[in-house]
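Could you have a look at this structure, given as structure tokens, before my questions?
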Amino acid sequence: MQRPAVCHLPNEELEILNSEYGKNMIKLLRIRRDGKKHCIKEVEACVHLRLDSVNEYSQGDNSAVIPTDTMKNAVIALAKCNGIETIEQFALDICNHFISSYCHVVYVKAYIQEAPWRRLEQNGVPHVHSFIFVPEGIRFCEVEQCQDGCPLISSGIKDLKLKKTTQSGFEGFHRDKYTTLPETTDRVLSAELFCKWCYGECQDIDFDRVWDIVHESVLEAFSGPPDCGAYAPSYQKAVNDIQMLILARVPQIEETEVILNNIHYFVTDLKKLGLTNEKEVLIPVDTPYGSCTCVLRRKKCLEEQA
């Protein structure tokens with residue numbers, strides 16, 4: 001078969017802006033055994049590298065390329081040798097390994113997410129080696145590091161599903177000839193949430209404790225007090241309430257990004273069945289859905305950068 005002709009442009013007319021490569025979805029389960037008591041971390045890791053040359057792209061020269069299979073093996077070996085205390089520390093270990101072991105690696109990015117296993121309890125007694133999958137949001141982190149640079153650490157929660165059946169509304173919005181949406185002061189707010197935060201100084205941070213505080217803050221800001229709730233005039237305001245509470249409670253966090261997808265529920269008409277429906281039976285509409293994104297950062301961080 002005749003190969004297609006290749007059009008070559010002069011090299012001086014082109015430049016490679018980025019040339020990362022890596023291994024995605026490295027999955028492993030790490031078990032730590034302390035006598036009868038076992039502790040587990042099941043993670044999925046993605047590791048990407050940037051080298052000090054692009055010869056593998058421009059010249060087809062693979063002499064500097066660290067195979068992605070080698071990268072996978074290194075991640076597994078680090079899990080064995082160092083353990084996984086937190087996913088953030090594991091990501092730091094991965095970045096440090098590639099930066100310190102290969103002088104021609106100029107940049108490393110490690111993304112890790114953790115399966116939400118929680119220790120089983122029977123009559124309030126923690127089980128020594130049994131766990132249950134509890135989907136209260138997926139914990140993840142990302143660490144980036146350059147040669148001779150400090151690591152940049154971010155953590156987050158994703159796929160967290162929340163719902164409130166009242167204390168949510170939407171009114172006073174802009175109207176034009178295409179607007180058909182009625183105003184409401186009482187609706188179901190059903191959300192799927194993504195929350196990511198960036199740390200400033202990364203010394204002596206209790207990553208587990210911070211994650212727990214952020215998780216609790218998200219739930220509290222979304223729902224309000226347990227006996228009465230708190231009114232949200234829009235899902236945009238719900239996002240802001242979440243971010244403000246996170247930054248107020250965790251001074252180590254410099255920046256937080258929240259994405260809230262609003263899954264709509266509509267009251268179904270039961271008149272044909274001879275029944276009334278006082279907002280008791282609703283039908284979810286998966287698509288299309290509303291989405292709100294906001295990045296909130298402390299002003300002092302912007303001033304320091306400037």
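From the backbone N, Cα and C atoms, a Cβ is placed for every residue, glycine too.
Marked as active site, charge relay system by TrEMBL: LYS23, THR68, HIS264. The 5-hydroxyisourate binding site annotation in TrEMBL covers THR68, ASP69, PHE170, ARG187, GLN236, ASN262. Look at TrEMBL and you will find THR68, ASP69, PHE170, ARG187, GLN236, ASN262 tagged as urate binding site. Per TrEMBL, the feature O2 binding site maps to THR68, ASN262.
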Considering each pair of residues in THR68, ASP69, PHE170, ARG187, GLN236, ASN262, all listed as binding urate, report the largest CA to CA distance in Å, no decimals.
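The urate-binding residues span at most 52 Å between Cα atoms.
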Do you know offhand how many angstrom separate THR68 (active site, charge relay system) and LYS23 (active site, charge relay system) by C-alpha?
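So the Cα of LYS23 (active site, charge relay system) lies 5 Å away from that of THR68 (active site, charge relay system).
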Of the recorded positions LYS23, ASP69, PHE170, ARG187, GLN236, which one sits closest to HIS264 (active site, charge relay system) when you measure Cα to Cα?
ARG187
Reported as an integer number of Å, what is the Cα distance between ASP69 (5-hydroxyisourate binding site) and LYS23 (active site, charge relay system)?
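Each residue's Cα considered, ASP69 (5-hydroxyisourate binding site) and LYS23 (active site, charge relay system) end up 8 Å apart.
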If I restrict to non-local contacts, at least six residues apart, and a C-beta distance under 8 angstroms, what lies near ASN262 (5-hydroxyisourate binding site) in its own chain?
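Listed in sequence order, they are LEU189, SER190, ALA191, TYR235, TYR289, GLY290, SER291, CYS292.
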List, in sequence order, the same-chain residues at least six positions removed whose CB sits under 8 Å from that of ARG187 (5-hydroxyisourate binding site)?
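Spatial neighbours, sequence-distant, of ARG187 (5-hydroxyisourate binding site): THR166, SER168, GLY169, PHE170, TYR265.
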Could you state the CA-to-CA distance between LYS23 (active site, charge relay system) and GLN236 (5-hydroxyisourate binding site) to the nearest Å?
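Checking the Cα atoms of LYS23 (active site, charge relay system) and GLN236 (5-hydroxyisourate binding site) gives a distance of 36 Å.
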Are there any residues at least 6 positions away along the chain from GLN236 (5-hydroxyisourate binding site) with a Cβ closer than 8 Å to its Cβ? List them or say none.
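Sequence-distant Cβ neighbours: CYS292, CYS294.
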Within 10 Å of each Cβ, count the other Cβ atoms, then let me know which of the recorded positions LYS23, THR68, ASP69 comes out lowest.
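Taking LYS23, THR68, ASP69 as the recorded positions, the minimal 10 Å Cβ count falls on ASP69.
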Can you count the other CB atoms that lie within 10 A of the CB of PHE170 (5-hydroxyisourate binding site)?
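That number is 19.
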